[in-house]
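Please read the structure below before turning to the comments.
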Amino acid sequence: MRAKNGPGSWLALTAIATSLNTLALAAAKTINHSYEFNPVVVSGGGYITGIIAHPTEKNLLYARTDIGGTYRWNADEDKWIPLNDFISGADENLLGTESVALDPNDPDRLYLAQGRYLNSENSAFFVSQDRGATFDVYPAPFKMGANELGRNNGERLAVNPFKTDELWMGTRDAGLMVSEDGAQTWRNVSGFPQANANGIGIYWVIFDPRSEGTVYVGVGVPGGIYVTRDSGESWEAVPGQPVEWDEDILVFPAESQPQSTGPQPMKGVLAENGALYVTYADAPGPYGVTYGGVYVYNTTSSAWTNITPKTNNSFPAPFDNQTFPAGGFCGISVDSKNPERLVVVSLDRDPGPALDSMYLSHDGGKSWKDVSQLSTPSGSGGYWGHPIEEAAFKDGTAVPWLSFNWGPQWGGYGAPSPVRGLTKFGWWMTAVVIDPSDSDHVLYGTGATIWATDNLSKVDKNQSPGWYIQAQGIEESVALALASPNGGDSHLLTGLGDINGYRYGDLDVPQPMFDLPVLSNLNALDWAGQKPEIIIRAGPCGHNYTDGCGLAAYSADGGSSWTKFATCIPGINTSSSNPGVIAIDASGKDIVWSSAMTAYWPTLQAITPRTNQSGPYVTTDLGQTWVSPTGLNVQTPNISADRVQPRTFYSFTDGTWYLSRDGGLSYRAYKAKEVGLPAYSGALPIANFNRAGEIWLGLGDHGIYHTRNFGKKWTKITGRGVTARQLTIGAGARRSSEPTLFIVGKAASHGALSKDGVYRSDDNGKTWVRVNDEKHQYGGIAMIQGDPRVYGRVYLGTGGRGIIYADIKE
């Protein structure tokens, strides 16, 4: 029957609608959607410590990193595949690869030696029979240091080509170890000398495939190369090896003495003709090296030859204005098809001029071509580099951040090229490989990415090869700050360790760095709730700007351009490594800056000590003046702004709730018990982006607390077992007026939801579902950020695997 228009009909329809809405609300719960995980693309972002190629299997390449695990190259998809994302937060130390070993007789076998730091007992061997698709994990009886000094050397781990289950491992502090059961158990080679040499230990182990029982081992001391010809029963120092510095290498001995009494063997490669090529330096690296060389040992005649690239044997000649020690050598690779064709790379010639060079030889090192010089446009003044146009994937997708915006050096490796239009040829280029299946294809890693060429032979004609970025799929950055505005062109703003920060409209494409000032770390970000185009950021700079504070800046155009604050707050200056936290009110006019900050990754950044001299400073004139507030007299990291109501700031610090309604000039204090909060050290207030005065607090094992009246009365909204170490909000579900909650922690005291992970709630904490799974743990999640415009999306900040965005599968 057709409905009639009239009061009775309207009331009936209203009653039906109301009834349906009531039923919907009563039945509302968090839907357990499936998720997909993708990287927020930087492409690289960290140090590539090794690139290892299988000697016979085409396109089987692995890249190891110091804090991001290992990747395998997938030629079909033209990208690197991360292999260690299953590592949990509890096993964070395992997300760093000390060494990679491949079985020359079985390309499916892969061995990874995992462990970041020597101060952790948690190290292990990951053993795969399927190229890293799955692993068996065996605890290691010794420590590893994938992010320690000497991580540039290797490989420390090697498979015996004559006994497929036998591996040898040169350790840092436990001597030479042998496993005869595929890395499950280990025994010490008790007769090996120099077991704990130099505090760094053994750098590399090489089996001679021509002679069963012959093994060469390189130790990080002068004269540190040893050989056994009876599988380790007896050892001798390789005779004739360099133990003192060649006078030709000591470029400026009066001004800068080597740090060791003689050359230390960094890497070794045994060519098929029996030539053992060795690179040398005066320190373990990857930083602090000042001298070094390259030698070759004829294993048949026992003769050593100095083949170091220098003035009389390389073309073009070394840069004539070089006024500092020439650095050492580390990276090396030999062509599998021609044992006299090899590349070597210098180490630590930074800051230049005459930066680190890659050299190519066709005659076993008698003569060299300087690949870096030949690849650099003329007129660079010795600052070798690629034209920025070459900083792109093979398909032409640009990786623009590698310019570093040509900003002033901040005092660390990887600073921008001083030549506008160039990106540095590289630094820490200790990982280099000539592809065994294609001698023209060469890859080299840097402190930031992987470069490659398919026509290295152009160097033979004194021409530049064509270079491109081959790092797609590798995401090794450390997340320090995340923000997702509720409007504008950018869905995500990021702050990263070592490489500044970025704004993303397209999450799948590399972006330019934020403009000057370039921050070596970007630790703090915020946006104005009612004017999301206004953004502020802060981080260490290291450059003494005379026209303002280089540690903090604001943007009025969504991050396209930036202006430095006129001055820094008291206690923050050029030498500050931790700039604290910064927040901006909803109108974009009031800014507070606290010198205290939270250490998300204790091994990577420290907490700036809090002081009781002042609370968070406030400015209304973009840093011309800073005012100390009343009512809050401690520098706290737990401060944020209301996203809707201007001039309103919140803080929960040392068991006290603070509320400011005058732009941070004064705060009213409420003891936790008075407003319904538990006794707790403090937490960052999370403000609703749509409703003034609505806030959430994630209080660890105490769960989540919620207020709708600016914190004057709080209610616990979670049940027993909910642990919220990190908390964020995002866009609500369809037809819901409530934002979605995300936590890092646990959502129950037992059962499936009691596992540590990332969880989502669509009904303000009543019910939860897990977002990630055991395959997507990334060594732990340090920070999370919901997206105010995309339901279900959450950004995951990691400590070595970059930033991941998790979306509900369509």
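Glycine is treated like the rest: Cβ placed from N, Cα and C.
Just so it is clear, the model here is predicted, and its values are computed rather than measured.
Here Swiss-Prot flags Asp66 as active site, nucleophile. The Cβ of Asp66 (active site, nucleophile) has 25 other Cβ atoms within 10 Å, all protein chains considered. Following the DSSP three-state reduction, the secondary structure of Asp66 (active site, nucleophile) is coil.
When other Cβ atoms within 10 Å of the Cβ of Asp498 (active site, proton donor) are tallied across all protein chains shown, the result is 22. Summarising the annotation, Swiss-Prot assigns active site, proton donor to Asp498 and lists similarity to another entry as the type of evidence.
Summarising the annotation, Swiss-Prot assigns N-linked glycosylation site to Asn32 (among others). A simple way to gauge crowding: the CB of Asn32 (N-linked glycosylation site) has 12 other CB atoms within 10 angstroms, across all the protein chains here.
Summarising the annotation, Swiss-Prot assigns N-linked glycosylation site to Asn188 (among others). Asn188 (N-linked glycosylation site) falls within a strand when secondary structure is assigned with DSSP.
Annotated N-linked glycosylation site per Swiss-Prot: Asn298 (among others), in sequence order, evidence recorded as sequence analysis. Its own atom aside, the Cβ of Asn298 (N-linked glycosylation site) has 15 Cβ atoms within 10 angstroms in the protein chains shown.
According to DSSP, Asn312 (N-linked glycosylation site) sits in a coil region rather than a helix or strand. Taken from Swiss-Prot, the feature N-linked glycosylation site applies to Asn312 (among others), supported by sequence analysis.
For Asn321 (among others), the entry in Swiss-Prot reads N-linked glycosylation site.
The 10 Å shell around the Cβ of Asn455 (N-linked glycosylation site) contains 14 further Cβ atoms across the protein chains shown. The N-linked glycosylation site annotation in Swiss-Prot covers Asn455 (among others) and rests on sequence analysis.
Annotated N-linked glycosylation site per Swiss-Prot: Asn544 (among others), in sequence order. For Asn544 (N-linked glycosylation site), the Cβ neighbour count at a 10 Å cut-off comes to 10, with all displayed protein chains included.
Proximity of Asn573 (N-linked glycosylation site) to non-local residues of its own chain (separation of 6 or more, Cβ distance below 8 Å) is seen for Leu551, given in sequence order. Sequence annotations record features per position, and here Swiss-Prot assigns N-linked glycosylation site to Asn573 (among others).
Positions annotated as N-linked glycosylation site by Swiss-Prot, on the basis of sequence analysis: Asn612 (among others).
Reduced to three states, the DSSP call for Asn638 (N-linked glycosylation site) is coil. The feature N-linked glycosylation site is assigned by Swiss-Prot to Asn638 (among others).
Sequence-remote contacts of a segment are chain residues at least 6 beyond its ends whose Cβ falls under 8 Å from one of its Cβ atoms, and for the repeat 'BNR 1' (126-135) they are 60, 62, 70, 72, 81, 83-84, 86, 107-112, 114, 182-184. What Swiss-Prot records for 126-135 is repeat 'BNR 1'.
Mean pLDDT for the repeat 'BNR 2' (226-236) in the predicted structure: 97. Swiss-Prot lists 226-236 with the feature repeat 'BNR 2'.
Residues annotated as repeat 'BNR 3' in Swiss-Prot: 359-369. Nonlocal intrachain contacts for the repeat 'BNR 3' (359-369), taken as residues 6+ away from its ends with a CB within less than 8 angstroms of a stretch CB, comprise 275, 277, 294, 296, 305, 307, 309, 313-315, 338-346, 456, 459-460, 462.
Summarising the annotation, Swiss-Prot assigns repeat 'BNR 4' to 554-564. Counting only same-chain residues 6+ beyond the ends of the repeat 'BNR 4' (554-564), those with a CB under 8 A from a CB of the stretch are 485, 488-490, 493, 503, 514-517, 532-537, 545, 547-548, 584, 588, 591, 622.
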Can you figure out which of Asn32, Asp66, Asn188, Asn544 (the recorded positions) comes closest in space to Asn298 (N-linked glycosylation site), comparing Cα atoms? Asn188
Other CB atoms within 10 A, centred on Asn312 (N-linked glycosylation site): 8
Long-range neighbours of the repeat 'BNR 7' (705-716), counting only residues six or more past its ends (CB under 8 A): 642, 648, 650, 657, 659, 670, 675-678, 685, 691-697, 699, 764-765
Among Asn32, Asn188, Asn312, these being the glycosylation sites, pick the one whose CA is nearest to that of Asn638 (N-linked glycosylation site). Asn32
Using DSSP, what is the helix/strand/coil residue split across the repeat 'BNR 5' (617-626)? 0 helix, 3 strand, 7 coil
Given a 10 Å Cβ-Cβ cut-off, pick out the one of the glycosylation sites Asn188, Asn638 that has the most other Cβ atoms nearby. Asn638
Pull the DSSP breakdown for the repeat 'BNR 4' (554-564) and write it out as helix, strand, coil residue counts. 0 helix, 4 strand, 7 coil
